[in-house]
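To keep things clear, I will list the structure first and then write my remarks on it.
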Amino acid sequence: MAKNKLQVNFPEDVKELSKGTTANHHNQLQHLSNNDPSPVANTKVYRRRWLMLFIFVLVFMTNAFQWIQFSIINNLIMKYYGIGSQAVDWTSLVFMVVYIPFIFPGAWIMDRMGLRVTVLLGAIGSTTAAWINVMGVAQDRFYVILIGQTIASIAQVFVLGVSPNVAAVWFGADQVSLACSVGVFGNQIGVSLGFLIPPMMVRDHDNLEDIGTDLKLMLYIVAGYCSVLLLTVIFVFQAKPPLPPSGAQSLSSKQSSATFSEYFQSLKNIITNKGFLLLFTSYGINVGAFYAMSTLLNQTVLLHFPGEEKNCGRIGLTIVVCGMFGSIIFGAILDKTHKFKETTLVTYFFALVGMVTYTFTFRLEYIPITFVAAGIAGFFMTGYLPVGFEFGAELTYPEPEVTSAGLLNASAQVFGITFTLLGGWLLGTYGSMVCNCLLSMALLVGFAMTFPIRPELRRQKANQESIFAILGSEKVNPLPVSA
């Protein structure tokens, strides 16, 4: 048998499919997909894919928690260490700064060494950072905290853009967008817990040593959890299944970059893709605005509602929990409809509406309305994350998903740094209205940049062509893959 020849044991409905007409071809393919998700030879969808995804979600969660754990109690960290608010902001800003230079070697390691090594490096980095942060609980050791956060930010490189790769490596074509959404879910759970737990565990005390005691207890719990999870990754997590889950993944894995020159050629192919460049900028604006909104949340809420430290965390929790639902819903919509551009536009538009609403609710000085507005913004801003990842993977296939996702995240870090620094200055100088209006205007620009993107769904086309190849149906035209 020829090396690349496709074989399949044809069920009766597949035999009939080859005799069908163009008019009913799509419905028959859909029926085939629902009943036999891997009709292509040498492909199989394994049950343990959900366990691999769950472990990745937990690793992603611990790293995301560390990103926001100090910023959400900004006023208490300032009090305990005797530092300014901008110094505390750097405990989250460092994640954005470090990601930019490390994304390219990180993506190459992912492409070269595989999923297991990448996730393992992320777990090792998060665990190491957690224990260093424990050692930083002393009033003269804020620099140790920054060292710990820097290591956690390096670990972030190995998890932040990996969700679409986990989905593509383990899940079939009819579940890949949903799986990517669940992967992003890990980031959202971590951020939501980062908003919720620190204000509950670290209380305001007149005695600074009591603040330190609360802080150390929280950090010990985080470090212990990270350590257990690291052992789980070592002994349980697998790089990939024995057989690829889809025709597109089978073809993509054969073209995986193995050398630096091949990797940079892949990178060149991506950055010369006009549609991806537009998405690169619009995605960065959206997610960068979310990063700034999250980092400055404590300062913004306390400016209007003094003494509401716990509600700062609860508002942040509301933002992210609503975003979790958004991620799952939009991921399911993509799997069902494959309307990537349309879904992107809808989520972006309502993210803009949510941000504008959030901006003006502070003028009412009524915190329940702020909760509602924050939830609306979070549902669409955070729900946009997997949509952008999957759209980028479609536009750039067969290039590795981790590379396109890494570039999107790099854009988000650049805009996140810019918006956080500029927004922090505007917040302190002119108040929350001017700061949040800046973010709203930026979202408007990003929304406008989404319109010219041509939705070339290359990965969807590859999956369709792999089925057409085994059916041997030359009379049936491929399904449309762009609008």
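Note that Cβ sites are derived from N, Cα and C of the backbone, with glycine treated the same way.
What TrEMBL records for this protein:
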- 52-458: domain 'Major facilitator superfamily (MFS) profile' (DOMAIN)
- 50-70: transmembrane segment (TRANSMEM)
- 90-110: transmembrane segment (TRANSMEM)
- 117-136: transmembrane segment (TRANSMEM)
- 176-197: transmembrane segment (TRANSMEM)
- 217-237: transmembrane segment (TRANSMEM)
- 275-293: transmembrane segment (TRANSMEM)
- 313-333: transmembrane segment (TRANSMEM)
- 345-361: transmembrane segment (TRANSMEM)
- 367-387: transmembrane segment (TRANSMEM)
- 407-427: transmembrane segment (TRANSMEM)
- 433-453: transmembrane segment (TRANSMEM)
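In this chain, the transmembrane segment (217-237) touches the transmembrane segment (117-136); three or more CB pairs sit within less than 8 A of each other, excluding pairs fewer than 6 residues apart.
It is 407-427 that, among the stretches 217-237, 275-293, 345-361, 407-427, forms the most Cβ pairs under 8 Å with the transmembrane segment (90-110). Ranking 176-197, 275-293, 345-361 by CB pairs under 8 A with the transmembrane segment (367-387) puts 345-361 at the top. Mean per-residue pLDDT, taken over the domain 'Major facilitator superfamily (MFS) profile' (52-458), amounts to 87. Under the criterion of 3 or more C-beta pairs below 8 Å, with sequence separation of 6 or more, the transmembrane segment (176-197) and the transmembrane segment (313-333) qualify as touching. Comparing 217-237, 275-293, 313-333, 433-453 for CB pairs under 8 angstroms to the transmembrane segment (345-361), the maximum falls on 433-453. Count of Cβ pairs under 8 Å against the transmembrane segment (433-453): among 217-237, 275-293, 313-333, the largest is for 275-293.
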